[in-house]
Amino acid sequence: MKILVINCGSSSLKYQLIDMEGETVMAKGLCERIGIPGSRLKHEVPGKEDYVVETDLPDHSVAVKLVFDALTGEYGVVKSVDEIGAIGHRVLHGSNRFTESIIVNDEVKKVIRECFDLGPLHNPANLMGIEACEKVVPGKKNVAVFDTTFGMTLPEKAYYYAIPKEYYDKYAIRRYGFHGTSHAYVSQETIRFGGLDPEKAKVIVCHLGNGASISASIGGKAVDTSMGLTPLEGLIMGTRSGDIDGGVIQFIANHENKTVDEVLNILNKKSGVLGMTGISSDFRDIENAAEEGNHMAKVALDAFRYRVAKYIGSYVAAMNGVDAISFTAGVGENDKVTRQIVIDEYFSYLGAKIDPERNNVRGKERLISTDDSKVKIFLIPTNEELAIARDTKRLIEA
Ligand code: ADP
């Protein structure tokens, strides 16, 4: 069976067609600048030259139509859409209404719509992607895979905020966590690859990309995760502040004559390592600047790694132990210095030790700790598309 995975942003649409037999990518691509002048599709088929179409993409339906044309046309990989079993959609927020991925129907779409103010940047676009597929390939099953369902197993002590309970009752304000498909995939892959106990393994996953979060799970089930009601909570990120005293919001709003929305926009888009340095949200730029002697770039890197370590430490406490720590996503998979500093400088008391030679690797599944390390440390590349495709296949076959 072949599954199409779609990840819609407000002006972009990423896709992968996966053949589930060998779990191989048959084609993947990206529609950019949807609704903006200069839109285009880039379609990649392994072993072939990229196929680029520069054409007007006024909305997501036109983009989805172009994707299906690319998949079935001259540069295509299937003869007709009939070969595609179903479509899996990444959806950011499912509130506490969905504890699992689900086949889309009117009720599911209604809940995705009700969650617009919990995921204002993503949920509207995710729904547009689903509705575009319904229009372009009617009758094809669509599956919604939520970023929030991994966090649905959190115990009450981890998901309640210490605010008046009425806000939970009225609005379901609680900690949800994001990057759920990545945390679920990497924690399970850590157990499989590391030969750990599938029921009892205590695993911490550090998803360190532009957006960054950490999870603790036992037997693949989340017990805590660092993002909250929205992706703002937790680690220092490319442009997000992560944990912050709410008083800062009030202070900036009062002194700079800004609304709460404007301050939140600053905390989401202009903070993190970008805000601290004024240089860039890209960690490579920050590392280069630090090497050239820029003081705040060095501080931002130190602060980022320190926050990662503090979360790992608290999750060791949350689980009363840890069997494995896995690094994933852009920084986690590529930046050996961050991995080495986080483990060696903060967790030697646990007997955790990075093996410098094993750690000298990028983007490959590998054990990177020494043989005598008391905690196994892994690099596990994330694969959110495959996780979405697996869930989609499981649901439509059920
Ligand atoms: P997202 O999906 O959240 O946009 P990614 O997981 O793609 O993020 O990660 C992107 C980040 O990874 C960028 O900030 C980039 O600088 C960082 N990155 C990629 N390669 C390296 C590297 N060799 N060293 C440090 N950071 C890297």
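In case you wondered, yes, glycine gets a Cβ from its N, Cα and C as well.
Taken from TrEMBL, the feature active site, proton donor/acceptor applies to Asp147. The annotation Mg(2+) binding site is assigned in TrEMBL to Asn7, Glu384. Residues or ranges marked as ATP binding site by TrEMBL: Lys14, His207, Leu208, Gly209, Asn210, Gly211, Asp282, Phe283, Arg284, Gly330, Val331, Gly332, Glu333, Asn334. Taken from TrEMBL, the feature substrate binding site covers Arg90. What TrEMBL records for His179, Arg240 is site 'Transition state stabilizer'.
Taken in sequence order, the binding-site residues Asn210, Asp282, Arg284, Val331, Glu333 that lie near ligand 1, meaning a CB under 6 Å from one of its atoms, are Asn210, Asp282, Arg284, Val331. Annotation: Asn210 are the binding-site residues among Arg90, Asn210, Asp282, Arg284, Glu333, Glu384 whose CA atoms are within 10 angstroms of the CA of Arg240 (site 'Transition state stabilizer'). Taking the Cβ of Asp282 (ATP binding site) as reference, residues of its chain lying under 8 Å away and at least six apart in sequence are, in sequence order, Asn210, Gly238. Largest Cα to Cα distance within the recorded ATP binders Lys14, His207, Leu208, Gly209, Asn210, Gly211, Asp282, Phe283, Arg284, Gly330, Val331, Gly332, Glu333, Asn334: about 24 Å as a whole number. In sequence order, Arg90, His179 are the recorded positions from Lys14, Arg90, His179, Leu208, Val331, Glu333 with a C-alpha within 10 Å of the C-alpha of Glu384 (Mg(2+) binding site).
Candidate recorded positions: Arg90, Asp147, Glu333. Nearest to Asn7 (Mg(2+) binding site) by Cα distance: Arg90.
Among the binding-site residues Lys14, Leu208, Val331, Glu333, not one has its Cα within 10 Å of the Cα of the residue listed as 'active site, proton donor/acceptor'. In this structure, Glu384 (Mg(2+) binding site) is part of a helix by DSSP. Taking a C-beta cut-off of under 8 Å and a sequence gap of six or more, Arg284 (ATP binding site) has no contacts in its own chain. Using Cα positions, the member of the recorded positions His179, Leu208, Val331 nearest to Arg90 (substrate binding site) is identified as His179.
Taking the Cβ of Val331 (ATP binding site) as reference, residues of its chain lying under 8 Å away and at least six apart in sequence are, in sequence order, Leu208, Gly209, Ala212, Phe283, Thr338. Contacts of Glu333 (ATP binding site) defined by a Cβ separation under 8 A and a same-chain sequence distance of 6+ are given as Phe327, Arg362, Gly363, Leu379, Pro381, Thr382, in order along the sequence. Cβ-based crowding with a 10 Å cutoff singles out His179 as the top-ranked of the recorded positions Arg90, His179.
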